[in-house]
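Novice: Before I ask anything, here is the structure I am working with.
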Amino acid sequence: MVRKTSVRMTAIKEYPFDLSDLKNQNNDTRISRPTDQLSSNQVFTITPSAPSNDGKRKVSIMADEGSKDRENLPSERNGRVSAQAEGPSRRKSNLHNAMAAEIDTSWDRPAHIEGRYKKYSTTSSIYSKKALSHQSEHIERSWWYACCQKCHTEESGIPSWEPPHWQKICPYPLCPSYRRFAQNVSILLIGIMVWVLVWIILGDTAAPGGQLFMLAVLTIAAHFGGWLIMKVTTLPPLIGMLIVGIIMKNIGFVNFDADYQHVASYIRKIALTIILTRAGLDLDPTAMKKFFFTVIKLALLPWAIECGLCAVMCNLLLGLPWDWAFLLGSIFAAVSPAVIVPCLFRLREKGLGVSKGIPTLVLAVSGIDDAASVAIFGIVSSIMFSSASLTTNIIQGPLSVIGGVAFGVFCGYLVKYIPERNDAFLVPIRVLLLLTGGLMSVLGSEEIGWGGGGPLAVIAFAFVACKEWVEQGWELDDNPVATAFEIFWMFFEPMLFAITGAQVVIADLPPHLVLVGGGIIITCIVVRALLTSISAVRSNLNMKEKIFVGLAWMAKATVQAALAPVALDEVRKMSLDDETMTELTNYAEIIITVCIMSIVITAPLGAIVITITGPRLLSKTTKPPVLEGWRRSHRPSIRDISIIDEEEIAERDAEAEAEVQNSPPVSPVPTTTPNAYSTPNPVTVQPNHRT
């Protein structure tokens, strides 16, 4: 005789019950579904479970994987009963079940501010945020919805608290979360109060229309312009920063006087120091030692050809003298890690080119390339703007290079021993030593007339210091000093590119210069890409990878923005007659125009080419690497620099907890004071179910 029950078993998954309940019912229950109506595809499995505390053995009934009713069951991820379930399962509303699969992905939810394992209703901030975003399908498919969704990033940690009716006033994702909104308002209030204090102290220069006020507004606008370009187009933010500088100059908002042009020149020098320090910290000592000749060949040979080609074409087509032409060539031949690194991060995240170390190779070559550009620029500018004899300048050039490298190596070995490796303030002291040492090298070398030695000293200082720190136990891919300089770059990047863009007046640009300059730029980057692919002969790269490496080094941005206005600053310092001053100023403005055009053309083009050709030309590993350290994020936070190793403390706490769980029970001992850095063990209270 087949036992009959009023429970629709097809809607129950693993529901435990006692067999004695069925014995007590016997024939008193009514048949809700005849046996002959059961489908042949419906198979139920009775799975015995472990005996309970009262000695009774419980079983669970669930539909077979191949049954049709299995399709109507809730997903294993949610572990819920559908809305049609009757009997022991409490009926739930259609709205709750319709949104269940999208809201609660698991019963094991992280801790919430209002309690552990909290069930969210339609009035909850977390529920309503996502529920409102899925109300209608046509809204999700609209372009404005996709744009707003793209501008918001997922928040980690405790979900944001929201005041009542926040979602009705500011629905998600059209508006940010309350946490982000409150954070932005706090920053705005702090900025306003700081500006008022500076205005009181400095006077008219910080007032609206003043020079300092103009510089601050230009920097903030450039930051938001870069953010908008990055969010909407995924292009490097420096493109938006440069465009904002050009726009604000041509609408008449920016007009720096001589004093603030001097301040802008120092801002460019500080930014150059940060750029070169990051280039030195990005160099992999192991890769440089293993592939030294390959890196030098791929870096210097295409750089020299591009520099010479640019100088010849500028002399013949733009009428620049040979010294000015080579000065422009030395600036133009540098590539930009600021454009390459974000693109390589996305490719490495997908496991593209990792097997042969192409991201590391591209970064190493770009660092050597920038070092060569800055060194040659310093030597040529020292010869051009120095009052010493030509013989003295020729001898001084190689000596400045040797002296700069030697000074940088000495400082790098010095910071191996100072400060002591277990110092509580190790990270901030090392950051300050690198920053102040680099600034002293760049500014001091210009002061004594050895302009080519300072930038090389900065790169050598950072490279040797990073090498020694790695030998002491630091990870190359997760260097806190490198993270600090990335944060410095976040502040100086909008200032550098906005000030550089503010040098261009579109109405004053000769059409001949724009057309000829654009032709020179395109010709040089095409020739360099071909020469780089040819220079990769006798390497372990195949033909597709050689083509990608050649295309990866076409982007130009940081060095051009930092060095292009230097010649104009030097010309303004000279005491010359009006005719000579006008001629030299024209040459300097040609250099600025060509360099800015190279940024506008090659930076977005290089980012697009790397993004498109990477998946097609690079081989993909079966298991992409876990990016724990290598460029963990495009934009780091100040919280990434920590004096206390929180991961080590967490691992130590986890090991101690595992030992406690695996150890046999012991007699109670007196309570001791817990460790200051340890976290309390979670206590889980299971509810008592009455049968």
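Cβ atoms here come from the backbone N, Cα and C positions, even for glycine.
So TrEMBL lists the following for this protein:
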COMPBIAS  65-79  compositional bias 'Basic and acidic residues'
COMPBIAS  675-691  compositional bias 'Polar residues'
DOMAIN    221-604  domain 'Cation/H+ exchanger transmembrane'
TRANSMEM  181-202  transmembrane segment
TRANSMEM  235-254  transmembrane segment
TRANSMEM  295-318  transmembrane segment
TRANSMEM  324-345  transmembrane segment
TRANSMEM  357-385  transmembrane segment
TRANSMEM  397-415  transmembrane segment
TRANSMEM  424-442  transmembrane segment
TRANSMEM  448-466  transmembrane segment
TRANSMEM  487-507  transmembrane segment
TRANSMEM  513-535  transmembrane segment
TRANSMEM  547-567  transmembrane segment
TRANSMEM  587-613  transmembrane segment
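How about a rundown of where these features are and what they're close to?
Specialist: Under 8 Å from some Cβ of the transmembrane segment (181-202) lie the Cβ atoms of residues 170, 175, 212-213, 216, all in the same chain and six or more residues away from its ends.
For the transmembrane segment (324-345), the residues of the chain that approach it from at least six positions outside its boundaries are 236, 238, 275, 278-279, 282, 303-304, 306-312, 314-315, 318, 359, 362-363, 366-367, 369-370, 372-374, 376-377, 380-381, 384, 489, 493, 521, 524, 528, 552-560, 563-564, 567, 587, 590-591, 594-595, 598, 603, 606-607, 610-611, 614, 627, 630-631, 634, judged by C-beta separation under 8 angstroms.
Among residues of the same chain six or more beyond the transmembrane segment (357-385), those with a C-beta under 8 A of the stretch's C-beta atoms are 272, 275-276, 279-280, 282-284, 287-288, 291, 294-296, 298-300, 303, 307, 323-324, 326-327, 330-331, 333-337, 340-341, 344, 347-348, 393-394, 396-397, 400-401, 404, 445, 449-456, 459, 541, 545, 548-549, 552-553, 558-559, 563, 566-567, 570, 574, 618, 630.
Long-range contacts of the transmembrane segment (397-415) within its own chain (CB-CB distance under 8 A, at least 6 residues past either end) are made by residues 375, 378-379, 382-383, 430, 433-434, 437, 441, 445, 450-465, 467-468.
Cβ atoms under 8 Å from those of the transmembrane segment (424-442) belong to residues 269-270, 272-274, 276-277, 404, 407-408, 411, 415, 418, 453-455, 457-458, 461-462, 465, 469, 480-481, 484-485, 488, 641-643 of the same chain, restricted to positions at least 6 beyond its ends.
Tertiary neighbourhood of the transmembrane segment (448-466): same-chain residues 272-273, 276-281, 283, 285, 367, 370-371, 374-379, 381-382, 386, 388, 396-397, 399-401, 403-405, 407-409, 411-413, 415-416, 430, 434, 437-438, 441-442, 476, 479, 481-482, selected by CB-CB distance under 8 Å and a gap of 6+ residues from either end.
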Novice: Should anything in the same chain at least six residues away from the transmembrane segment (235-254) have a Cβ under 8 Å from its Cβ atoms, list it; otherwise answer none.
Specialist: 214, 217-218, 221-223, 225-229, 338-339, 342, 493-494, 497-507, 557-558, 561, 596, 599-600, 603-604, 607-608
Novice: Short question: most Cβ pairs under 8 Å with the transmembrane segment (587-613), which of 295-318, 513-535, 547-567?
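Specialist: Stretch with the highest Cβ contact count: 547-567.
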Novice: Using a Cβ-Cβ cut-off of under 8 Å, list the residues of the same chain that are 6+ residues beyond the ends of the transmembrane segment (547-567) and lie near it.
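Specialist: Long-range Cβ neighbours of the transmembrane segment (547-567): 236, 238, 242, 264-265, 268-269, 271-272, 275, 298, 302, 324, 327, 331-332, 334-340, 343-344, 353, 358, 361-362, 365-366, 369-370, 373-374, 377, 381, 496-497, 499-500, 503, 525, 528-533, 536, 541, 587-588, 591-592, 595-596, 598-599, 602-603, 605-607, 609-610, 613-614, 617-618.
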